[in-house]
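Enquirer: One structure follows; several queries about it will come next.
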Amino acid sequence: MNITLFCSVFILISLAGLSVSDDVPGNYPMSLYGNKYSCGVLGENEYCRKICKSHGVSYGYCFNSRCWCEYLEDKDVDFWAAHKNHCKNDKLYPPKK
C-alpha cells in the first residue's frame, strides 16, 4: 500500500515537471548570404555569442552545428534587417519622419 502510494505521488510529481518546460524561443540567425552560421564547438562559445549580439540579442550557443540565438525574433533573423532595427547610426539609417 505504501509503495503504491509512493509510486503514484512520484509519477504525479514527474508529470507536473514535464508540463512546466523551460523551452526558450529563439531562431537561427542568417548571414549576409542567407546561410545559417556554422559552428564547430557545440554548446556555449564566444563565436555564437558575438553572432547573436550582432543580431540584437544577448545570448546564443552552438546547437546542431549552427549558432542558435535565444529570444531572436523573426524580424531580426536576417543580417541586414537586424542591423537596420538595432543600428544607432543616423547617417546610415536616418530617423523616420
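Glycine too: its Cβ is placed from the backbone N, Cα and C atoms.
Note that this is a predicted model, so its numbers are computed, not measured.
Checked Swiss-Prot, it gives:
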DISULFID  Cys39-Cys62  disulfide bond
DISULFID  Cys48-Cys67  disulfide bond
DISULFID  Cys52-Cys69  disulfide bond
DOMAIN    25-88  domain 'LCN-type CS-alpha/beta'
SIGNAL    1-21  signal peptide
Enquirer: Could you work out which of the disulfide-bonded residues (Cys39, Cys52, Cys67, Cys69) has its C-beta surrounded by the smallest number of other C-beta atoms within 10 A?
Expert: Cys39
Enquirer: When DSSP is mapped onto helix/strand/coil, what comes out for Cys48 (disulfide bond)?
Expert: helix
Enquirer: Of all the disulfide-bonded residues given, Cys48, Cys62, which residue's CB has the most CB neighbours within 10 A?
Expert: Cys48
Enquirer: Which secondary structure state does DSSP assign to Cys67 (disulfide bond), in the simple three-class scheme?
Expert: strand
Enquirer: I need the nearest neighbour of Cys62 (disulfide bond) among the disulfide-bonded residues Cys48, Cys52, Cys69, using C-alpha distances.
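Expert: The smallest Cα gap between Cys62 (disulfide bond) and any of the disulfide-bonded residues is with Cys48.
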Enquirer: Could you tell me the C-alpha distance between Cys52 (disulfide bond) and Cys39 (disulfide bond) in angstrom, no decimals?
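Expert: Here the two Cα atoms are 13 Å apart.
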Enquirer: Per DSSP, what is the residue tally for the domain 'LCN-type CS-alpha/beta' (25-88) in helix, strand and coil?
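Expert: Looking at the domain 'LCN-type CS-alpha/beta' (25-88) with DSSP, the answer is 20 helix, 15 strand, 29 coil.
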Enquirer: Given Cys67 (disulfide bond) and Cys39 (disulfide bond), what distance in Å do their CA atoms have, once rounded to a whole number?
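Expert: Per the Cα atoms, Cys67 (disulfide bond) and Cys39 (disulfide bond) stand 6 Å apart.
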Enquirer: For Cys48 (disulfide bond) and Cys69 (disulfide bond), what Cα-Cα distance in Å is obtained after rounding to a whole number?
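Expert: Roughly 8 Å, rounded to the nearest whole number.
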